[in-house]
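*Asks:* Got a structure for you, written out below as structure tokens; questions coming shortly.
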């Protein structure tokens with residue numbers, strides 16, 4: 001019985017491998033799809049910056065000559081932005097770490113997280 005089970009598992013593994021992609025694959029999706037890379041930790045930050053740019057670059061000392069009213073309006077805009085971002089994040093089923101580190105990802109999937 002053990003030999004039969006082992007042979008069946010090997011055949012199933014070969015069928016799954018031959019149906020899908022070559023190289024790195026997402027195994028949690030049906031059908032299996034190719035991935036560009038599997039990255040974790042600082043590599044995710046580096047790839048995000050490479051594909052999305054640095055969102056903090058060039059923003060320093062950008063706001064000058066503000067009066068009290070424009071500061072208040074900026075505060076409201078910031079709160080609206082944070083609320084909208086929170087809703088987007090809460091609606092996502094996965095985050096970038098799960099997507100790229102655990103499953104592997106494509107460049108297009110990283111770009112979905114760009115602000």
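FYI, residue positions are counted from 1 along the chain as it appears here.
Cβ from N, Cα, C; glycine included.
The following feature annotations were taken from Swiss-Prot:
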- 100-105: disulfide bond (DISULFID)
- 1-20: signal peptide (SIGNAL)
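What's the neighbourhood like for these features in this structure?
*Replies:* Look at residue 100 (disulfide bond): DSSP puts it in a helix. Of all the Cβ atoms in the protein chains shown, 25 others lie within 10 Å of the Cβ of residue 100 (disulfide bond).
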*Asks:* Tell me the Cβ contacts of residue 105 (disulfide bond) under 8 Å, same chain only and six or more apart in sequence, or just say none.
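*Replies:* 35, 36, 37, 38, 39, 96, 99 - these are the non-local Cβ neighbours of residue 105 (disulfide bond), listed in sequence order.
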